[in-house]
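The feature transmembrane segment is assigned by TrEMBL to 21-40, 86-105, 117-139, 185-204, 210-231, 283-305, 325-344, 351-371, 377-397, 417-440. Taken from TrEMBL, the feature domain 'Major facilitator superfamily (MFS) profile' applies to 30-467.
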Amino acid sequence: LFFPLSPPPGLMRLTSHNTQALYRGFTLFLTFLFYTSYHLSRKPISIVKSELHKNCSTLIRPPNLNGTDNETWCDWAPFDQDNYQTLFGAVDNSFLVAYAIGMFFSGIFGERVPLRYYLTTGMLLSGLFTCLFGLGFYWNIHSIWYYAFVQAMNGLVQTTGWPAVVACVGNWFGKGKRGFIMGVWNSHTSVGNILGSLIAGIFVSSAWGMSFIVPGIIIASTGILCFFFLVESESVVIEKVGDNEEIFSSPGLSNSISSESTEEHTEAISFCRALRIPGVMEFSLCLLFAKLVSYTFLYWLPLYISNVADNDLLSHFDSKEAGDMSTLFDVGGIVGGVVAGLVSDQTGGRASTCCVMLIVAAPMLFLYNHIGQHSLATTIGMLLVCGALVNGPYALITTAVSADLGTHESLRGNSRALSTVTAIIDGTGSIGAALGPLLAGLISPTGWNNVFFMLITADILACLVSF
């Protein structure tokens, strides 16, 4: 460890009923809240894009406005040019690529720094960079390099979140119930996306900078909450002595174990050793392809719904309505994550659960592309089914599977490996998250059928590597 473990200051107020159940429930609630704020702060960019570049011909131009370009007078430079889609892509990929690269190193630091300090620092810095993007509105900044740099830095500091929260939850819950508990807990992703959309939507038309500043303040505030209240593992427990004095102890460590043995079982592991844990490479590659499919839907589904609909009712969907419809994919993902976790707990087969869901997902993706837009009911049903089948394995791998591998028997009880294992798996998956939207942008001009062919191929590859 770089820093010794110390008690969270605020927890001294919460020890009147000192039970393991209290700590477990409180940790589950806090980590849910923390990662909800991470996703909440990521979402505004997708909402604000429509404000940075819009159809100015439908708006009334103020008479005192300088300039002569009637087509882009309402746009925000540099996104007022014909290459605005390329610029938006550069901003998106600045975040995604930095996140993918940073994730491989995040777990290494997470093992060596107390998770409470690590999460607190990450959330405070993420709040700073999220606010800096919004301050570009008030500072009248029109440089693509500024926005790309801020997004890249935000991508790096956001890597502190996932390995740390999974490690915290994995430390408190045993393997027998991880799947179901983490399946429910993993809904924080969708909850954060929904809240981020709602908050950004409040300010986007009047002052889009606040669409970033308010989420930035929220995640920074949760960072302060983390510092005062997070208990990161069972090895640190409050014991009350007398009426007022409270001390920290480590009851999980037997007195018969020597200090050398304790140090051996809690020391951080290397990146290469983590890769040698059975299952890490396989599930990392599986997540790469699963996340490629999921993030392609995340970034391109609203456009697909609005462009490809062949029914009179669906063809009248505007951008906002198509975006609202696309959230059904996330709703299905919540259900899929819970079901995947519950089934894997009952059967004991994480890999087989992922494989079965991915096998069924391939024909469902094909059907959605060919019949999913024929009616409103078909669209809703297919989105829910595809969301469950695609995001179910994704949620299971990033939560319960990562926690299982991070506490694998080959580690001889070294729980500090959990952060590195989680970072390797999610970092590999994040490569797919960056590739999916990029490939969809390159392939979509040739036809949406080719995009879905790519998604089905990725889904099949995810299934094959999960065996």
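Placed from the backbone N, Cα and C atoms, the Cβ positions cover glycine too.
Most Cβ pairs under 8 A with the transmembrane segment (21-40) among the ranges 86-105, 117-139, 325-344, 351-371 are made by 117-139. A contact links the transmembrane segment (185-204) to the transmembrane segment (325-344), because at least 3 Cβ pairs that are 6 or more residues apart lie under 8 A. Between the transmembrane segment (351-371) and the transmembrane segment (417-440) there are fewer than 3 Cβ pairs closer than 8 Å, counting only pairs 6 or more residues apart in sequence, which means the two stretches are not in contact.
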